[in-house]
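Data block below; observations after.
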Amino acid sequence: MNWDDTTDAEAAAERLVGAVADGEDQAVEAALRPKDLGEFIGQEKVREQLDLVLRAARARGATADHVLLSGAPGLGKTTLSMIIAAEMEAPIRITSGPAIQHAGDLAAILSSLQEGEVLFLDEIHRMSRPAEEMLYMAMEDFRVDVVVGKGPGATAIPLELPPFTLVGATTRAGLLPPPLRDRFGFTAHMEFYGPAELERVIHRSAGLLDVGIDTTGAAEIAGRSRGTPRIANRLLRRVRDYAQVKADGRITQEIAAAALAVYEVDVRGLDRLDRGVLEALLKLFGGGPVGLSTLAVAVGEERETVEEVAEPFLVREGLLARTPRGRVATPAAWAHLGLTPPRPQSSGNGQPDLFGA
Ligand SMILES: Nc1ncnc2c1ncn2[C@@H]1O[C@H](COP(=O)(O)OP(=O)(O)OP(=O)(O)O)[C@@H](O)[C@H]1O
Ligand SMILES: [Mg+2]
């Protein structure tokens with residue numbers, strides 16, 4: 001799967017079902033983060049592979065290989081990086097690609113690492129080129145060349161680094177230059193979570209937040225969480241508010257459904273924007289094909305908002321298809337909004353319509 005379509009427009013859109021962390025998320029997430037691999041829910045393959053990598057390193061008394069974590073926002077990359085440090089009983093230093101403007105910034109961080117330390121480099125695809133090139137050498141040879149002076153008189157002073165583990169995280173693995181990608185000993189691709197896994201995330205978080213919830217309540221929230229633990233935790237907090245104000249504080253299926261109806265998050269996790277786009281496509285354009293600009297005007301949104309914020313999830317859910325002729329609704333879209341598709345018109349060439357009945 002490709003999530004290179006998570007963009008600044010998505011980040012800018014404050015929405016209950018947005019996958020990018022908002023201020024409140026950041027404040028509570030620390031408390032909800034699993035602390036070790038055993039507590040980390042789902043991602044079976046990644047967990048199994050990472051467990052082997054870390055165990056082997058521990059058995060050798062060595063520093064673990066560099067790890068690249070790739071996946072959509074809110075799936076647990078930051079959480080896993082902290083777990084890696086905890087499992088290795090190593091300290092962790094946290095920085096991000098955009099924070100490293102100059103190679104010198106990186107040199108300063110690298111040269112102050114302790115032996116075995118985990119360096120977490122979030123949004124690694126947003127690092128500057130010179131910093132990236134310095135990182136190549138640091139990862140491979142645990143060495144950097146610090147350039148002193150400018151112009152013809154500049155000299156490179158080699159500096160030995162202690163062995164460390166780089167944990168890189170990216171929502172856009174496709175943007176990483178191959179030489180950087182190749183220097184990671186292990187790449188973990190994080191997938192979206194299934195409903196059963198999200199239910200476990202919700203039960204676990206409810207326990208930590210001291211909120212009563214039954215299995216039907218957790219299932220109701222899980223189904224609307226778009227495969228993303230961060231969204232599950234956020235919806236849980238909003239449902240908890242509702243349960244406290246409107247009921248006895250305990251979350252049941254009825255309470256969860258009523259609360260999320262108030263917030264306009266439907267049973268599949270579509271919000272007002274998503275439904276607006278689908279409704280326009282179905283009701284105004286008979287299910288398409290219709291051009292992006294026309295669709296955007298019809299819902300009163302910017303092109304970018306429709307394309308980058310609403311569409312990726314609609315496409316992932318199989319509700320909308322992007323075709324060369326424009327946006328097209330799938331039969332599932334008609335079913336989801338409880339509408340009947342128009343009778344397929346004969347195209348005269350004897351071929352059935354793409355999504356005709
Ligand atoms: N496997 C999991 N089990 C339980 N909780 C999880 C899991 N993965 C993520 N979470 C929860 O989801 C929240 C978001 O996770 P995290 O911050 O690690 O995501 P991320 O992939 O780093 O997102 P971003 O790309 O925005 O940085 C955390 O608060 C964490 O509690
Ligand atoms: Mg993160």
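The backbone N, Cα and C atoms fix where each Cβ goes, glycine too.
TrEMBL annotations: computationally assigned, not manually curated.
Under the heading ATP binding site, TrEMBL lists LEU32, ARG33, GLY74, LYS77, THR78, THR79, GLU140, ASP141, PHE142, ARG183, TYR193, ARG230. The Mg(2+) binding site annotation in TrEMBL covers THR78. Here TrEMBL flags ARG303, ARG322, ARG327 as DNA binding site. Summarising the annotation, TrEMBL assigns domain 'AAA+ ATPase' to 63-194. Annotated region 'Small ATPAse domain (RuvB-S)' per TrEMBL: 194-264, in sequence order. Annotation source TrEMBL lists region 'Head domain (RuvB-H)' at 267-357. Annotated region 'Disordered' per TrEMBL: 337-357, in sequence order.
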Secondary structure content of the region 'Head domain (RuvB-H)' (267-357), with strand meaning DSSP E or B: 41 helix, 9 strand, 41 coil
Distance from ARG303 (DNA binding site) back to GLY74 (ATP binding site), taken between C-alpha atoms, in Å: 25
Close-lying binding-site residues around ligand 1 among LEU32, GLY74, THR78, ARG303, ARG322, where CB distance stays under 6 Å: LEU32, GLY74, THR78
GLU140 (ATP binding site) CB neighbourhood, other CB atoms within 10 A: 12
Neighbourhood of ARG327 (DNA binding site) by C-beta distance under 8 A, where only residues 6 or more apart in the same chain count: LEU281, GLY288, PRO289, VAL290, GLY291, LEU292, LEU295, GLU311, LEU320, ALA321
Residue from THR78, GLU140, PHE142 whose C-alpha is spatially nearest that of ARG322 (DNA binding site), among the binding-site residues: THR78
ARG303 (DNA binding site) and GLU140 (ATP binding site), distance between Cα atoms, whole Å: 43
